[in-house]
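S.K.: From TrEMBL, here are the annotated features:
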- 113: active site, N6-AMP-lysine intermediate (ACT_SITE)
- 31, 32, 33, 34, 35, 80, 81, 111, 134, 170, 285, 309: NAD(+) binding site (BINDING)
- 403, 406, 421, 427: Zn(2+) binding site (BINDING)
- 587-665: domain 'BRCT' (DOMAIN)
Ligand code: AMP
Ligand code: ZN
């Protein structure tokens with residue numbers, strides 16, 4: 001045997017033992033024997049560095065230190081899930097998808113919803129090449145070095161599986177391991193971790209992968225993304241993933257009817273506490289992959305899946321004080337400061353009170369005993385008062401009248417649930433908040449510049465608004481606390497690079513109230529430049545599809561403000577993109593105005609998303625279901641048979657990809 005063959009064979013053997021131990025939970029050799037073999041491999045690799053392999057079992061111990069995690073764009077967006085809380089919700093969902101698919105013949109797959117941090121693993125030629133966190137769904141952090149240390153993740157997939165794929169799963173900390181970690185911390189006099197989920201996601205961001213290797217993390221897989229059409233159903237794809245080395249829990253179940261789904265829900269609602277890990281619900285998915293593709297996605301979540309949340313846990317505790325937070329738009333959020341209490345695995349000290357109406361409606365008062373519930377959100381909420389425990393001297397809550405930060409009198413416009421601090425340009429959290437929003441990932445995505453640095457820069461009087469960023473000099477940044485020359489350089493470069501960010505993102509970055517990402521896109525496309533937008537009348541604004549009174553008025557207010565006009569002029573002078581680029585303009589037309597398209601099947605010249613973008617760029621609308629309003633169906637290969645029948649019934653014209661391309665050229 002050559003050295004290379006010896007190394008190869010040891011690697012395969014050790015991979016197999018890892019799998020036996022961490023996935024199957026059935027080791028066939030002792031830990032001692034394993035260590036001997038691992039050491040043998042390590043020595044061979046040390047002597048023959050030309051055979052280095054990042055996926056070798058020796059790499060599991062970690063050692064690579066990452067100072068800053070690289071941002072990586074997801075090839076396929078990682079969506080969130082819609083939630084449901086009752087059988088009725090699920091019945092409604094079933095009705096909706098039956099209607100869209102035009103059939104009642106739908107099989108479901110049920111899985112537990114594992115409570116951890118989602119991860120996307122990319123494999124090429126069966127080798128793990130990349131692991132990225134969900135992030136905002138479009139891009140996340142590259143945490144590959146840390147992920148390699150998780151023993152239940154195969155670094156090389158085996159068997160007769162697809163060779164290039166992405167697989168998604170949840171990084172979790174099983175309860176046993178979590179409790180052991182905490183026991184150790186307590187012995188060392190350290191504060192115990194609050195809950196397994198946050199500890200799992202925090203572990204992925206540790207800089208030293210050797211530290212990650214020490215944590216008993218696990219990875220449960222739930223979704224295969226692949227271009228190969230090898231498998232017909234979701235469960236089939238997962239079962240094959242399991243065969244090729246991935247840890248796919250075996251409590252997954254296929255159900256022919258919703259009745260069977262309900263049984264699954266009830267069973268796990270009662271038995272979930274006996275699981276070795278935490279779960280907060282069940283994910284129900286349409287099992288047939290062709291049907292999944294036909295159903296597609298909303299802006300936020302797949303239509304073919306829904307999460308069912310188990311009833312939230314509730315506790316009661318005493319409300320000590322109500323404080324007020326000021327957001328970047330000046331919106332005031334009342335916060336309940338509570339007697340700390342244990343709830344669903346975490347210690348809760350604060351809860352959101354939403355707004356003045358909510359406080360009045362529930363009649364929440366200081367020193368009341370209140371019921372606190374933890375739903376899906378990170379921040380728990382108060383859902384009621386235990387009136388039997390109300391102190392005799394209790395008095396109704398007087399809502400704040402002045403801003404806690406700048407003491408300006410608060411205003412509340414008709415129809416608004418929230419109070420606002422109107423001191424837009426003089427109220428510290430608003431000023432900082434706007435700049436932080438401006439630089440955030442979905443906005444200008446200025447690398448190297450974080451929220452804390454913005455705070456520092458502001459405290460030093462170096463910036464007052466987002467336009468000031470463009471006047472910053474390296475020499476001004478270096479003297480700041482904990483700032484090295486290199487990082488100062490990075491900040492300046494990041495700011496410089498933001499001048500290339502396209503107009504629609506700039507518009508979102510400006511932080512105009514009610515102008516979120518989607519609205520910004522619409523406005524950019526319609527008005528094409530900031531000048532046009534700022535000169536638009538109320539009527540012109542509301543004439544735009546999906547722009548209502550509230551958004552229109554907010555844009556008018558923004559555009560009439562002298563400070564804003566100056567800011568925009570300054571941004572323009574620095575070269576920030578305040579109109580859509582010539583290239584984008586060239587790709588846009590109104591050729592398809594008023595036309596509604598449904599896209600179905602597999603395409604060759606463009607992918608589905610490019611096709612949809614082309615429709616929208618040319619003024620058309622994309623809809624996911626066929627109705628009388630549909631103008632055309634763009635059909636690729638394997639168009640869903642139910643869609644075909646429906647289209648024919650309604651007499652809607654079916655066109656090919658090529659027909660469509662001819663149409664826009
Ligand atoms: P949410 O974060 O509430 O939008 O729910 C979506 C997340 O649920 C996904 O990003 C996954 O990380 C997580 N999840 C946990 N278990 C599953 C599962 N069995 N199937 C799909 N997603 C799951
Ligand atoms: Zn204020």
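For all residues, glycine too, the Cβ spot is worked out from N, Cα and C.
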S.K.: Taking only the recorded positions 31, 81, 113, 403, 406, which have a CB closer than 6 angstroms to any atom that belongs to ligand 1?
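M.R.: Near the molecule: 81, 113.
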S.K.: Including all protein chains shown, what's the count of other C-beta atoms within 10 A of the C-beta of residue 406 (Zn(2+) binding site)?
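M.R.: Counting Cβ neighbours of residue 406 (Zn(2+) binding site) within 10 Å gives 17.
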S.K.: Specify all same-chain residues, apart from the site residues 403, 406, 421, 427, whose Cβ lies within 8 angstroms of the center of the Cβ atoms of the Zn(2+) site, ordered by sequence.
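M.R.: The answer, listed by sequence position, is 326, 330, 404, 405, 407, 408, 422, 423, 426, 428, 429, 430.
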S.K.: Should we count any of the recorded positions 35, 81, 113, 403, 421, 427 as near ligand 2, judged by a CB under 6 A from one of its atoms, and which?
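M.R.: 403, 421, 427, by Cβ distance under 6 Å.
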S.K.: Under 8 Å between C-beta atoms and at least six apart in sequence, can you list the same-chain neighbours of residue 285 (NAD(+) binding site), or say none if there are none?
M.R.: 108, 109, 110, 111, 234, 292, 304, 305
S.K.: Which one is it, among the recorded positions 113, 403, 427, that lies nearest to residue 35 (NAD(+) binding site) by Cα separation?
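M.R.: Closest candidate to residue 35 (NAD(+) binding site), judged by Cα separation, is 113.
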S.K.: Validating a neighbour-count step here. Other CB atoms within 10 A of the CB of residue 35 (NAD(+) binding site): how many?
M.R.: 11
S.K.: So what's the mean pLDDT when you look at the domain 'BRCT' (587-665)?
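M.R.: Mean pLDDT, the domain 'BRCT' (587-665): 85.
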S.K.: Including all protein chains displayed, how many Cβ atoms other than that of residue 421 (Zn(2+) binding site) lie within 10 Å of its Cβ?
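M.R.: For residue 421 (Zn(2+) binding site), the count of other Cβ atoms within 10 Å is 27.
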S.K.: When DSSP is mapped onto helix/strand/coil, what comes out for residue 427 (Zn(2+) binding site)?
M.R.: coil
S.K.: I need the CA-to-CA distance for residue 33 (NAD(+) binding site) versus residue 113 (active site, N6-AMP-lysine intermediate), whole Å please.
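M.R.: Answer for this pair: 37 Å between alpha carbons.
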S.K.: Check the Cα-Cα distances from residue 81 (NAD(+) binding site) to the binding-site residues 403, 421, 427 and tell me which is shortest.
M.R.: 421
S.K.: Between the two most separated Cα atoms in 31, 32, 33, 34, 35, 80, 81, 111, 134, 170, 285, 309, the residues recorded as binding NAD(+), what distance in Å do you get?
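M.R.: Comparing all Cα pairs, the maximum is 44 Å.
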S.K.: So, three-state DSSP: helix, strand or coil for residue 35 (NAD(+) binding site)?
M.R.: helix
S.K.: Using all protein chains shown, find which of the binding-site residues 81, 403, 427 scores highest when you count other CB atoms within 10 A of its CB.
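M.R.: That would be 403, with the most Cβ atoms nearby.
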S.K.: Write out the long-range same-chain contacts of residue 113 (active site, N6-AMP-lysine intermediate), meaning residues 6 or more apart in sequence whose Cβ is under 8 Å from its Cβ.
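M.R.: Same-chain residues close to residue 113 (active site, N6-AMP-lysine intermediate) (Cβ under 8 Å, separated by 6 or more) are 81, 279, 280, 281, 282, 283, 307, 309.
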S.K.: What's the CA to CA span in angstrom from residue 31 (NAD(+) binding site) over to residue 427 (Zn(2+) binding site)?
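M.R.: Roughly 61 Å, rounded to the nearest whole number.
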